[in-house]
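Chemist: Annotation source TrEMBL lists domain 'Potassium channel' at 79-138, 168-246. What TrEMBL records for N77 is N-linked glycosylation site. Positions annotated as transmembrane segment by TrEMBL: 6-26, 86-105, 111-131, 157-177, 189-207, 219-242.
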Amino acid sequence: KISWTPLLVLGYLFYLLLGAMVFQLLEKQAETHFRDQFQLEKLKFLQNYTCLDRQALEQFVQVLMNAWEKGVNPEGNSTNPSNWDFSNSFFFAGTVVTTIGYGNLSPSTVAGQIFCVFYALFGVPLNLAFLNQLGKALNAHLLTLERWVQKPGRAQVQLAIFLTTGTLLFLVFPPLVFSYVEGWSYGEGFYFTFITLSTIGFGDYVVGTNPNKHYIPVYRSLTAIWIVFGLAWLALVFNVGADLMERYLQLKWHKSDLSLAEGTTTKLEDEPEQPRIHIPS
């Protein structure tokens, strides 16, 4: 029996290569445009403020970058809300244990960094166990999804309800809220929603970081709770998708093995029987 694993490995590598080519095609030209535009803006700034030289401007840009890396938004002033009040700290703790890690905020003290390591060391397994139990609780009310795969019937309706309800609660409605609160477009809100719940977490869009907006104190805490339940739902969807894909690949590969075996058997049966030589005693 031929293993289907090499086929999966080749398909996986091909998918990565395809993604690399598409992203390069879509983003490289835009990056070049933004880079040239940024250099042009720096040149205009130096022309308008002749008291500065290029070295002083580069130093100031480095100060801005360091501030951004430390979680301080260069926009606004010192009256901006703290990144480490309880609501924001609760949100950050959620991004640590869920391994989202937006990258826009991180501990800057040695004590905070060491605590973050041990907090994640125990928090990530705890989060996985919690999501596992939460997924089991969801499955208990929706029947087992594997039973749907093996025995289609009423469970198909349950699965459809599960997917539709989860899509509305975690992927369709939240972007409307984020668009209203953050001022994003619906497409940007949907992009943030999926990137967050899939734990990709690029950090290009993060809720509650605009210094020009006034957020309610529990806004980010409620977002963290939404993330936890959304993670459980999307993880189940991913597991079902992976299970179906694996079963499909195994079935197709198994059928090809059977076809090859049947072809070999047919070929042997179609060959004429060789004449037997009778040796007298």
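Yeah, the Cβs are placed from backbone N, Cα and C, and that goes for glycine too.
Neighbours and distances for these, please.
Modeler: Within the same chain, residues 93, 96-99, 228, 231-232, 235 sit at least 6 positions outside the transmembrane segment (111-131) and bring their C-beta atoms closer than 8 Å to a C-beta of that stretch.
Taking Cβ pairs closer than 8 Å, the transmembrane segment (189-207) reaches residues 95, 98-104, 170-171, 174-179, 181-182, 219-220, 223, 227, 230-231, 233-234, 238 in its own chain, all 6 or more past its ends.
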